[in-house]
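These notes concern the structure reproduced below.
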Amino acid sequence: MENVAAIILAAGKGTRMKSGLVKVLHPIAGRPMIDWPLEAARGAGAAPVVLVVGHQAEAVRERFQGAGDIACALQAEQLGTGHAVACAAPALAGFSGTVLILCGDTPLLRGGTLTDLLAFHRSQGAAVTVLTARMENPHGYGRVLRDEAGRVLRIVEQKDASPQECSVREINSGIYCMEAGFLFDNIGSLGNDNAQNEFYLTDLVAMAAQKGATCLAMAIEDSDEIMGVNDRAQLAQAARILRRRINRDLMLSGVSLVDPEQTYIDQGVVIGPDTLIHPNCSISGPTQIGNGCQIESGVSISSCRIGDRCRIKAGSVLEDSELRADVAVGPMAHLRPGTVLNDHVKIGNFVETKKTVMGEGSKASHLTYLGDAEIGRDVNIGCGTITCNYDGVKKHRTLIGDNVFVGSDVQLVAPVRVGADSLIAAGTTVTRDVPAGSLAISRTPQVNREGWRIRMKKKT
C-alpha cells in the first residue's frame with residue numbers, strides 16, 4: 001500500500017530474558033527477533049520504518065546500518081509506549097499518511113495481517129484502528145472496551161482494570177494503525193496518571209473517542225500472530241510456531257520431511273522438490289539445496305550450496321561449503337568453510353575438509369584430513385591420509401593432479417605438488433614434489449627377524 005510508514009518499538013531491555021543481549025536481537029529461526037515485524041511492515045508496504053531504540057541502541061543501529069528505508073529514534077529513558085512513539089515523531093516530520101505501530105518482540109506477525117488491517121482502517125475512514133484478539137485466558141493483556149455499536153471506547157491495562165473489565169476477553173495486541181495527523185497532533189497530550197506512571201499509547205484510543213474520531217478494532221483469528229516474547233520459554237514457543245510455518249511451506253512445495261516437529265530449518269533456506277530430510281536435522285543460514293537430495297538424521301548444514309541428487313549421511317556437519325551434483329558425504333563427515341566438491345565426489349566417514357577443492361569423481365572414503373588442498377579429477381585418497389598444511393606459523397597448500405592414487409596412511413607435508421597419474425605408496429611421508437606418472441615411496445625397508453618373538457618370551 002502507498003503512503004504508509006511504520007514505527008517499531010524496540011527500546012526495552014527485556015529483563016526477563018536474563019541476557020546480556022537486548023531482547024529484540026535474540027535470534028529466532030535464523031534471524032534477530034526484530035527482523036520479523038520489520039519484514040511484516042515492509043510486506044505491507046511501509047516505508048519509511050522508524051525503530052525506537054533504547055537499551056543497546058548502537059547494537060540495534062548496527063544491525064540495520066545501510067538500510068535506506070530505516071531510521072532509528074532514541075528513547076533514552078523508557079517511560080511507556082506513548083513516550084516511545086513521541087520519540088519517533090521527529091523522524092516522521094512532514095509525513096501525512098497512515099502509520100503502523102508495532103512491537104519489536106512479536107516475531108509471528110504476518111505482513112498479510114497488516115495489509116488487511118490497513119485495508120480495514122482505510123475503508124472505514126478511521127483515525128485509529130487497533131488489532132485485537134479474543135482469548136480464553138486474557139491474563140496480563142490490556143482489555144478492549146467497546147460501546148453497543150462495537151466502536152472502541154478505550155483500552156485499559158490489566159493493572160488499572162476493574163474486576164468487571166478484567167472479565168472482557170478481547171485483548172489489545174499492541175499493534176495499531178493510526179492516521180499521522182491524529183497521532184502527531186495528540187501524542188504530546190498523553191499523561192502518566194496510572195498504576196505504572198507511564199505514558200500509555202492506549203490512551204489515544206479514549207482520546208479519539210472523546211474527540212468524535214472514528215476508533216475501531218479488527219480482531220485477528222490466529223492469536224499466535226500477536227504473541228509477545230518476554231522470556232526464553234516464550235522465545236522457544238515462538239520458534240516452534242515459526243518452524244511449523246517454514247516446514248509446512250516447504251512440504252507444500254514438494255519437500256519431504258519425515259518428522260517436521262524434529263526438523264529445524266531457518267527462514268530463507270531454499271530446498272528443491274523431491275528432497276527427503278530425516279529427523280533431527282538443522283539447516284541454517286543462506287543455504288540452498290537442490291532437487292532429489294537425501295539428508296539423513298543428525299545432519300547440520302550452515303550456509304551451503306548443495307546441488308541435485310546429493311546424499312548427506314547421518315551425523316555430518318557442513319559449513320560454508322559447495323557441493324555440485326551427485327555428491328555423497330558421510331556418515332560423520334565434517335566439511336569446513338571453503339570446501340568445494342565437484343560432481344560425483346565421495347567424502348566418507350570421519351573425513352574432514354577445509355578450504356579444499358575436489359575434482360569430479362574423486363573420493364576420500366574414510367579417516368582423512370584434507371586442508372588447504374586442490375585435488376584433481378578421479379583421485380583416490382586412501383584411508384588415514386593427512387595434508388600437513390600448518391608449519392606452526394603459516395598454512396600451506398597441497399596440489400594433487402588428476403588420476404592420482406594416494407595409498408593409506410600417507411602424510412603430504414605442504415607446500416607440495418603431486419603430478420597427474422602418479423601413485424603414493426601406503427605409509428609414505430611426502431616432503432617433495434612428485435612428478436607426473438611417478439611412484440613416490442618413503443618407507444623404511446621391512447626387516448623380518450625370525451624367531452625374535454619366541455626368544456623374547458623365553459627371557460620373560
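Backbone N, Cα and C atoms are what each Cβ position is placed from, and that goes for glycine too.
Arg443 is the residue from Arg377, Arg417, Arg443 that Swiss-Prot records in the acetyl-CoA site together with Asn389, Tyr390, Ser408, Ala426.
Scoring each of the binding-site residues (Gly80, Gly142) by how many neighbouring Cβ atoms lie within 10 Å, the top position goes to Gly142.
A straight line from the CA of Tyr390 (acetyl-CoA binding site) to the CA of Asp105 (Mg(2+) binding site) spans 46 Å.
Across the structure, His366 (active site, proton acceptor) and Leu9 (UDP-N-acetyl-alpha-D-glucosamine binding site) place their CA atoms 53 angstrom apart. Between the alpha carbons (Cα) of Arg336 (UDP-N-acetyl-alpha-D-glucosamine binding site) and Asp105 (Mg(2+) binding site) lies a span of roughly 34 Å. Same-chain residues at least 6 positions away in sequence with a Cβ under 8 Å from that of Asn389 (acetyl-CoA binding site) are, in sequence order, Gly371, Asp372, Ala373, Lys395, His396, Arg397, Thr398, Ala414. Put simply, of the binding-site residues Asp105, Asn230, Ser408, Ala426, Arg443, the one whose Cα is nearest the Cα of Tyr369 (UDP-N-acetyl-alpha-D-glucosamine binding site) is Ser408. Among the binding-site residues Ala11, Lys23, Gly80, Asn172, Asn230, the residue whose Cα lies closest in space to that of Ser408 (acetyl-CoA binding site) is Lys23.
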